[in-house]
Structure formats: structure tokens, C-alpha cells
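Let me begin by presenting the structure, written as C-alpha cells, before commenting on it.
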Amino acid sequence: MIDRYTHQQLRIGLVSPQQISTWSKKILPNGEIVGEVTKPYTFHYKTNKPEKDGLFCERIFGPIKSGICACGNYRVIGDEKEDPQFCEQCGVEFVDSRIRRYQMGYIKLAYPVMHVWYLKRLPSYIVTLLDKPLNELEDLVYCNFYFARPIDKKPTFLRLRGLLEYEIQPWKYRIPIFFTTRSFDTFRNREMSTGGGSIRQQLANLDLRIIIDYSLVEWKELEEEEPTGNEWEDRKVGRRKDFLLRRMELAKHFIRTNIEPKWMVLRLLPVLPPELRPIYHIDEDKLVTSDINEIYRRIIYRNNTLTDLLTTSIATPEELIISQEKLLQEAVDALLDNGICGQPMRDDHNRVYKSLSDVIEGKEGRVRETLLGKRVDYSGRSVIVVGPSLSLHRCGLPREIAIELFQAFVIRDLIRKHLASNIGVAKSQIRKKKPIVWEILQEILDDHPVLLNRAPTLHRLGIQAFLPVLVEGRAICLHPLVCKGFNADFDGDQMAVHVPLSLEAQAEARLLMFSHMNLLSPTIGDPISAPTQDMLSGLYVLTSGNRRGICVNRYNPCNRRNYQNEDNNYKYTKKKEPFFCNPYDAIGAYRQKRINLGSPLWLRWRLDQRVIAAREVPIEIHYESVGTYYEIYGHYLIVRSIKKEILYIYIRTTLGHISLYREIEEAIQGFWQGCCNSMLPTGIRVSPG
């Protein structure tokens, strides 16, 4: 059983048959060893008690009721004076019934069975280690081919090499007909092999260090070769180099973790604890059971049949043995990952059985729903909405959520500042929502980060830290630039908020997890904070004004008709385009509804006049009575004096472009000010302007 205080991490990997046996075996006082499930039965139809050596056996998995054996005898749990700890009649241990949640059993397979996860999943570990095509290994596993060679390194009778197709069997007629079943099994293991046993023997003969050396030599040879110019051949060489790198990494992993490759072929099949695959009695004659129980039953039936064929029968045809081995392999495949090798296993109502992979993986699987999706203290959840006015490292936290998450902090400060005499009075003030409560809460939020997480957390940017800001409503406000890291959008997505309590967690949030410190992708280094969706739409609206030039606007009759159809509130659309001395006047005119975002206007240009090179010929020249004149170009206008000196320069733009320019300018100034302050000594700061 996993103790949360002593076990801080969980690792899923390969285990040896000895370890599986250790998990399951128990030695009774009479010396009998229990743990192996040999019968495909669950409960007796008359007594409703678990069958002995069945899938719910109390001797193997523990008592159904704490301290009560199958005979009905009772012992005090944990009392060392009580003797014996096992019932002498039924062999059930007097322990807590919760042992049935973690006590495992095992099935001793009559023939080695391939673990389908390591064969069919990508990348296939067995294909990588053996360096053979996947279809060839599948034909061996499912007994479509024989692997003919001296596996045991002894003289052979047939002198065959390579793969032999099952249907042809050219060796069949050379075998004397007086071979019995047991003799045939010995002969086959000596001369040739098929099924999971052939894969297991090849994996057992591997030397991982030799694999690393040979793969490294081949990779260096391919690296030294020059490109052939043939795209197909060059890609083939590149794929081979990638395969060799994966093979070396996998071999190093097996060496580093002390895992033997032959463990990927099962000799002992673990049986889950019964509480994890329950069976319920609805009525007297109706049962509801887990699909895993039905698959276990088929495995035991087929395994017992194969055992009988190999041990008891004398003249069983070898085709029948091969067929039964294939059925056993398919049953174990259905338990691990139903449907991965073709047609899934179904029940009598044509419903697909739910395998272990279906229980573990997916959004509703054991990991994501039960473990990662488990509710914890000091956490909340709500829908996210866009917060365009927020800083990149801030998020909007609803008052209702904030006061619940930080209630303990608010109570502490109320008592510390002598605003409440005890916890009860402080909670009363919080329930009444007094103004002092919100002031204290805002002080706490100014210096306490929170963690935002969006499931599924597939990479480290799926959970980031923010400084919260109190907002109205019930939705969490999020800056749109951080959505890409969360893979979130604002169409109803929900996010969870967590409060880091310890100083270590708060320090980690500030130093490593703040959103403005995770601007680049940790995998490829590309910017992860890029404008998407709403921001791109907003930028398009700001810059989609009529910028085609003065000629098109002035002399196109269709454009004049469009002007006449616009809103009457914008008086400049029917007359000439307005002139503004600075951006503030243009913004004021927009707020007074005198212009809109896309209305063309003339804005006085106050920057270096040398940036405008008068290389083009003016479209029009307007002369004033005082002697000044206007040179009108496509996108700008120059006002000159009588002496042809430049008095003013106006650029033709829109209010949307002005707003975008101001935002960019403020961002650059803020960045420059932050860089200067970071380089100056402590206590000296650069003020804006």
C-alpha cells in the first residue's frame, strides 16, 4: 500500500516475474503458498461467497469483512496476543478488509505472452531493440510464422534458418509421426520457436552494451557519408540515424535502471485487487461486474486449456496447441489494450470490453480524472474571460473566489491589526463584507501569487503564476498573450486557481513560474507569447481604416457614395478630412463621436523631418493668400512658407493607427525604463519623460 508520507513519487515501468510473485504470494502456517489464481470463478451461486483460488478468493486477496474469515471466525485486528493470524480451516488472514484494495494475485501463464504495449505502441521498444520490422515480429507473436534457428545454441535436427510460414511447414513431413505432445514441445523449443516465447528468447540473448557499440559505429559511418542528392535515399539515411539514436538511448535506459528486456514478455500475469474491479449484486439473480473480471475469466479459461493440452494430452495435434497459444495471446491483449491488434473483444450484447488502457488513459481515466483532477484545499475553478487591461503577469480573480481562498490570511490580519478579537468575529466581518475586509484582501493579493492551471497539463507552461487583481463578476480574467502556453481560448474554457502556501512554493512561483518569465517555448525556443485570435482581430480593426491613398478617396465616385451612407454623427466624413495638431485632439474628437476608428485624418508630424524624403511629385499644391502653400502627396502633406521652408508636416493616418502607435511607444519606453533601473545602483530610479 502506498503511504503518502513515505512515497513522494510514482513510476510506471517493467517489473520482473520474481517481483510479481513477491507482490502476490503468502505462506500459510501449514506451509501452503497461496497467491496464484487458477479458477475463473467469482462467487458461488448458492452461498454468495468467493470461490477458493478464484478471482475474489479471500485466501489470496484478504477477507471481505475485517477480522472475519470465510468460516465466520473473528479475531481482533492488530492484537499480537491473538494467535493464530490465519484461520486454520480456510487459510484466510485476520486483517483489515481494506487489504483487498492493494493485495494482488497472479496467473501463471502456460506459455510466454507478449506485452502488447511494448510491441504495438509507438515507438515500439521491441522493434527498436531487435532491429526487425514490426510486421515480422507480429507474425511471430501471433504464430503466423516460425523462427527457425538454434535458439539454445545446440546442434539442430532440421538445419533451418530464418522465418518459415505457418501454412507451408516444409519441415512438417520430416518429423516422425511418433512424436508425442511433450516430445513435440521439446523438439519445437530446440529446433524452432513461435509466439511470445520466440521473442522472449531473442530478448534474453541480447547484450545491451554490444548493441550500444554497434549502433554507435553504424551511426558514425552514416554521419560521415556525403548526401547523395537523391531525396528519398537521404531521408532513408536520416531515418536510420534517428532509429540508431533511439536504440542507443533505450539500451542505456535499460542498463541504468537494471531492467532486463525479456521482462517485456510475460510469464506471470498480475491480477488486480478485487476492490479495483468490483462486482455488485443488484437483485438476487442480477450482477453488475467490471469488464476486467470478464477478460480475466477468458484468460484463465484459455490458459487452463493450454495447460491441459501440454501436460495431460498425449496425442494432441500441434496445430491445436499453436491455435490455443494464439487465443491466449489475444486474451491478454484484450486485458491490456482491447482493440489494439484488430477486432476488439466483445460481450454477448456486442459491447466492447473496457481494458486497462481504457481505465488509465483519456480525460475520464484514472490518472487525469482521479489523480490529477482530484479536488484539493485552497483551490478554485471558474470560466476564463479576456482581460485586455491587465499586465502580462497579472490575472483578474473574482471577489467571491478570492475571499474564500485567502480567508485564513484575512482572518490572521484582522486579528493582528486588532480589528477582530477572535476567529468568530473575523468570520462575521467577512460574511458581512465590510470595506475593511476588501482593503486587507487587496493588501494580501498585492504580494501573494496564485497558480493558474488548465487541464490537460501537457507541458510546464500549462501551469503558471500570476499576481491576482480583484475583479467583479464570477469569471477569471486572463491576459490574451498567455493563452498559447495554456492552449486556452475564451469560448467557455475553465481554469483552476491554486494558492501556494509555503515559502518555498511562493519563491518557486516568483522565480520560475511567473508568466512574464516564460515567454519562450521550452522545447524549440520560439516565442510562446504571441498574439492570437482576439488580439489579431483587434489589431485588424485598428489598422483596417481607409489607407489606400488620397487619390483613391478623393476621385473615386464609389468611395464618395460610401461616405454619404455613413453615420450622420461623424460630420467630417461628408466634408474634407480633419487636421489635428497632436494625438490627444484626435482621441478627443473620437470620444465626441466626431470621427471613427477608420476615418482618414491629418496628424501633425513632430518627429525628425528628414524621415520624409520628397522624392515623389506632389499630387496637388494649394496656395494661401498669405503666401504659404500646401504640397499634398499620397500619404502626407507639407506646409511651406514663401521662402519654401518646411513649416509643418502632416501625415495621413487613422485613429486606429494612432492608438496602436501609442501602445507600442509606451511599451518601448516602459521596457527601456525597466532596463535602466535594473542597471542603476539601489535607490536610484529613472522617472518617465
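Sequential numbering from 1, following the chain as shown.
Glycine residues also receive a Cβ, built from the backbone N, Cα and C atoms like all the rest.
Feature annotations, reproduced from Swiss-Prot:
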BINDING   Cys69, Cys71, Cys87, Cys90  Zn(2+) binding site
BINDING   Asp489, Asp491, Asp493  Mg(2+) binding site
Asp493 (Mg(2+) binding site) versus binding-site residues Cys69, Cys71, Cys90 - nearest by Cα: Cys69
Check: same-chain CB within 8 A of Zn(2+) site center, minus Cys69, Cys71, Cys87, Cys90: Glu58, Ala70, Gly72, Asn73, Glu88, Gln89, Gly91, Val92
Residue pair Cys71 (Zn(2+) binding site), Asp489 (Mg(2+) binding site) - Cα distance, angstrom, rounded: 61
CB-centroid shell, 8 A cutoff, Mg(2+) site Asp489, Asp491, Asp493, site residues removed: Ile384, Ala488, Phe490, Gly492
Shortest C-alpha distance to Asp491 (Mg(2+) binding site) - which of the binding-site residues Cys69, Cys87, Cys90: Cys69
Number of other Cβ atoms within 10 Å of the Cβ of Asp493 (Mg(2+) binding site) across all protein chains: 16
Neighbourhood of Cys87 (Zn(2+) binding site), C-beta criterion under 8 angstroms, separation at least six: Cys69, Ala70, Cys71, Asn73, Glu93, Phe94
Neighbour-count leader, CB within 10 A, binding-site residues: Asp489, Asp491: Asp489
For Cys90 (Zn(2+) binding site): intrachain residues, at least 6 apart, with Cβ closer than 8 Å: Glu58, Arg59, Cys69, Ala70, Cys71
Residue among the binding-site residues Cys69, Cys71 whose Cβ has the most other Cβ atoms within 10 Å: Cys69
Secondary structure at Cys87 (Zn(2+) binding site), reduced by DSSP to three states: coil
